[in-house]
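Trainee: Take a look at what TrEMBL says about it:
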ACT_SITE  HIS307  active site
ACT_SITE  HIS352  active site
BINDING   29-56, LYS435, LYS437, SER515, ARG542  substrate binding site
BINDING   ASN308, GLU337, ASP339, GLU386  Ca(2+) 3 binding site
BINDING   ILE645, ASP647, ASN671  Ca(2+) 4 binding site
BINDING   ASP700, TYR701, ASP702  Ca(2+) 5 binding site
DOMAIN    20-127  domain 'PH'
DOMAIN    137-172  domain 'EF-hand'
DOMAIN    173-208  domain 'EF-hand'
DOMAIN    486-602  domain 'PI-PLC Y-box'
DOMAIN    604-731  domain 'C2'
CARBOHYD  SER188  O-linked glycosylation site
Amino acid sequence: MEANGTAGKYGLEGDSDLQFLLLGGTLVKIRSNTWKKIRFFRLEEDCKTLWHESHKMFKKNQTFSIDDIDSVRMGRQSEGLNKHTDPSEDERCFSIIFKGRKRNLDLMAHSGPEAKQWVSGLTKIISNMHNLSRQQKSEHWIINCMRKADKNEDNKMTLKELKHFLRQVNVEVDDIYAEEIFKTCDKSNSGSLEGSEIKHFYELLTQREEINVIYGKYAQTEGQMSAGDLMNFLRNEQREKATMEDALKLIEKYEVDGTAKQKNHMTKDGFLMYLHLEEGSIFNPAHKHVYQDMSQPLNHYYISSSHNTYLMEDQLKGPSSTEAYIKALMKSCRCVELDCWDGANGEPVIYHGYTLTSKVLFRDVIRAIKDYAFKTSDFPVILSLENHCTVDQQKVIAHHLISILGDALVTKPLHNTMPTNFPSPEELKGKFLIKGKRMNKLDAAFANTSTVEVDTVSEEDEAADCKENGQKAKSKKSKIKLARELLDIVIYCKSVHFNGFEHAKDQQAFYEMSSFKESKAFNLADTSATAFMHHNMDKLSRIYPAGSRTDSSNYNPVPMWNVGCQIVALNFQTPSKEMHINQGRFLQNGFCGYVLKPEFQRSLSSQFDPNTLNKGPWLKKKVFHVMVISAQQLPKINKDKHKSIVDPLVRVEIFGVPADSASKETHYIDNNGFNPMWNERFQFDIHVPDLAMVQFVVEDYDSTSQNDLIGQFCLPITSVQNGYRHVPLFTKRGDIICSAEVFVHLMLMDA
């Protein structure tokens, strides 16, 4: 394929930055102060693969897909470049940040303008790839597989190459069927496919019988869908209150054939385009933006929260890194944890105390937080301080917070009046709140002393750290000296010990919040659910994983949300089912990190109990009908094994109150990850839809061991669109799988 042709598809034909990338050039690859090597980099002609030379014995040439890139950062914005380059070289530096655990690629160009051109060009390619429709990405993927199958690069496809191609796209067919396809397409009887014959083969391969049936049912006008036909489809199948104007807008937006568009018709290609994009997605496009009331008090929201944010891996010997904070914040995490300890040269550090985890400077973490806190969300970030420092280094902590965060740091109550309730996320846009110790009362006048003695709390992480490392647990309360400078900047999130719901109701101010280890929180949720929910109506609660989870595993966040807990902190660094559910919970409301709790978790008159389902406005019984129809272009699990083909199945799971929890799965399909078809129906009874979530999990069946995850997608039931919908799939680490999806029919109905 010609580079210009590919560039045209990306909307970049003739772009100078793209031409610069296609020519390529030398860059300095940096790994340490002593490992700095010159390497040649170039964008391949497919405009989706970056090639670079390597001096490894068995890997002289290496490539990686643009799809694997999470972002490109200009300047010394990675931990590696910060450590291993001089500040004077900032304008020449840039980093390629990969999805998942792949190490950042830290690079230095010959000049500042050259570095900018690399960053600009790569950013354009990434942005344009994201803007391609799923159908266009699918076509690119198939064409790329065809190119790889064409071993001798003669733009022809022999029967042997066709079989190789089919294995690449994750489908195993027997020799007889492969020969039948080949003969059908080989009109010239030349023994190879070329030109229009390859196009015919592509059309046969990508034909979707289920789409043909749906389209055929409604295409009642000259073999196509008129605007009226499309309106009928939207009303009857998608259960939308569609008008002729709505149908015409979809035709204008998605129809690819000019003649059909002039007639206000939609062809099958246009119909498929509609089904692939946001109006045809399972996820309600109105929920992709901030649509909830953001003027409620802060404690009326679930808040996306991270535990031990600084860790990249486990809790005992894994690395601590500013990169972990950046990754969490870019996923719209709005509460991060800083475990602060005395460091060398008077500079406090962050790490997991009493362990072999590495250390990172506190000031470097705050700089990274300032730079990335509001890239994906404008709403406030809570900095949860776990303070183990001496008074002198506490003063340094306060200095860094005030000097680096500046006016964005909340250092006094808003509106200069003594508050009686939390401000709203809207009022706190672009602001940082500090969670930590302070004097007993928010309005207390400080004595003229530089330190204050306050109680420390055993059930917070500092005590858990000691217990997990063979040390004697601290007593319930001990004294710690705090610098006045640090006390002064704790305004709305003062940490206090939990002494029971009655004590909290009578004695605790709204800004005094407790942290609960998961075992304590789960016990309270089981035995005192309604009281816990009422506690969370005017106070914040933070839940954190047990210290025994040294592998950085996670607990199930759903029971905590069921009782209205806001700061349900998870190990963001660990890809897990629990993180998939967390990602699904915060997918709505513009992925801003704040989700408004249901009204019955905010109303003082509510007696909601998720465990008993007593009668009340929360009971809105629904029946959720799910038909799993098919899947398209599922990725190979074992890419190293040439003949490895997946045997996919789909599991549909419901999370929410205990009465709503359920799981059902399809049978598995032998050796077909390209276009498996199930046509299996499931039914779920939903009692509290406001708390319910649905997850689609695609696995590779294995009769002898645990199934492997292929992809998953989770979202709130209240964000689901009825009708024929495509379900996108995320990897275990929460990154989108560009070409893969599941096709379903959904109907959420009143019981």
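Just so it is clear, glycine is given a Cβ too, placed from its N, Cα and C backbone atoms.
Relative to the rest of the structure, where do these features sit?
Mentor: Cβ neighbour count for HIS307 (active site): 28 (other Cβ atoms within 10 Å of its Cβ, all protein chains included).
Using a 10 Å Cβ-Cβ cutoff, HIS352 (active site) registers 28 neighbours.
Close to PHE41 (substrate binding site) in the fold, though at least 6 residues off in sequence, lie GLY24, GLY25, THR26, LEU27, LEU50, TRP51, HIS52, LEU107, each with a CB less than 8 Å from its CB.
Cβ-based neighbour count (10 Å, all protein chains) for GLU337 (Ca(2+) 3 binding site) stands at 25.
All protein chains included, ILE645 (Ca(2+) 4 binding site) registers 23 other Cβ atoms within 10 Å of its own Cβ.
On the 0 to 100 pLDDT scale, the domain 'PH' (20-127) averages 90 in the predicted structure.
Same-chain residues lying 6 or more positions outside the domain 'EF-hand' (173-208) and placing a CB less than 8 Å from one of its CB atoms are 138, 142, 146, 155-159, 162-163, 166, 272, 630, 632, 674-675.
Across the domain 'C2' (604-731), DSSP helix (H, G, I), strand (E, B) and coil residues number 9 helix, 60 strand, 59 coil.
In this view, SER188 (O-linked glycosylation site) is surrounded by 12 other Cβ atoms within 10 Å of its Cβ, with every protein chain counted.
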Trainee: Cα-Cα, whole number of Å: ASP339 (Ca(2+) 3 binding site) versus HIS352 (active site)?
Mentor: 7
Trainee: Which entry in the list of binding-site residues, ASN33, THR49, ASN308, ASN671, has its Cβ near the fewest other Cβ atoms, using 10 Å as the limit?
Mentor: ASN33
Trainee: Could you count the residues of the domain 'PH' (20-127) that DSSP puts in helix, in strand and in coil?
Mentor: 35 helix, 45 strand, 28 coil
Trainee: Given the recorded positions HIS307, HIS352, GLU386, TYR701, state which is nearest to ASN33 (substrate binding site) when distance is taken between Cα atoms.
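Mentor: Checked the recorded positions HIS307, HIS352, GLU386, TYR701; minimum Cα distance to ASN33 (substrate binding site) goes to HIS352.
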Trainee: Where's the emptiest Cβ shell within 10 Å among the binding-site residues GLU53, ASP339, GLU386, ASP700?
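Mentor: Output over binding-site residues GLU53, ASP339, GLU386, ASP700: least Cβ neighbours within 10 Å is GLU53.
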Trainee: Would you identify which of the binding-site residues GLU45, ASP702 has the most other C-beta atoms lying within 10 angstroms of its C-beta?
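Mentor: Of the binding-site residues GLU45, ASP702, the highest Cβ count within 10 Å belongs to GLU45.
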Trainee: Based on Cα distances to ASP702 (Ca(2+) 5 binding site), point out the closest of the binding-site residues GLU45, GLU386, ASP647, ASN671.
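Mentor: Ranked by Cα distance from ASP702 (Ca(2+) 5 binding site), first place goes to ASP647.
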